[in-house]
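Going by TrEMBL, these are the annotated features:
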DOMAIN    33-216  domain 'Electron transfer flavoprotein alpha/beta-subunit N-terminal'
BINDING   247, 272-273, 286-290, 303-310, 324  FAD binding site
């Protein structure tokens, strides 16, 4: 595999602009991808499964390895889930150590460098989650390459589309550096075909050699704790319905009305940066350029003006409903349906007429 990566790097240095059809097909056959997969509760997270769709977009003949880290029974359950998650998965690599039980960039970057040096992958993919955004730049620096971030579409194995100017423009970039081509993908832009998921194929599970680990790398940072809301509502990044509130809600107390509506709809609750900065809700609920990127089937915005930074995080939603008393609010320019009126009256009516979720 390392020889394949070397051949590909040579082709990259000669320039891909002049590559002919036969050579291009040969290059596609040399493609191999390492996906940094996240897992929880013994299952691979949906954002990491979306990375499989991105790998398939790079090349249909892609040889994909999934890298999982952590310790204990949940890691091995997640490995089994990963092994049967998609026919494209060629191998599941497991780094079984307490060092990788938490998403710390320093030891994970060392792990990624070691796996890449042994595997010689042409591409490395991570989701644009907090973990992916933290890990990828550090690992890329160790491998002396430049990462391509926030990829939303893949035109060719080394040609990608990514948003710029807070999502107001799309930029097509061609990677011309050395292997591997490291990228983070917006999971909301890639979805696996259902028919592919139904095919039964179980990939082999291999333990990663961890002899490279040193005490120095694990001492650079330490895990303190995880603080999160204790709720049965779906995860904001993967929810089918998202109910979001802005500064127009005026207080943390009023946000409880949104939570009641979310309970009835089986939805996740989101917020604008202004609402988070005002202390109405914790920052883990922030949607936008500096928060979470979401693309649910239904996005309902209450008291959201529609700042560019917020629109960058939700403009890919299938249906957008906006409720705002200002008829000129920018949110109405992207909304499929809009209600100009008092959001509290609208909320009260919705809570009254929508039955409780069974």
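From the backbone N, Cα and C atoms, a Cβ is placed for every residue, glycine too.
If you take the C-beta of residue 286 (FAD binding site) and look for same-chain residues 6 or more apart in sequence within under 8 angstroms, you find 270, 271, 272, 273, 276, 292.
Of the binding-site residues 304, 307, 304 has the largest number of other Cβ atoms within 10 Å of its own Cβ.
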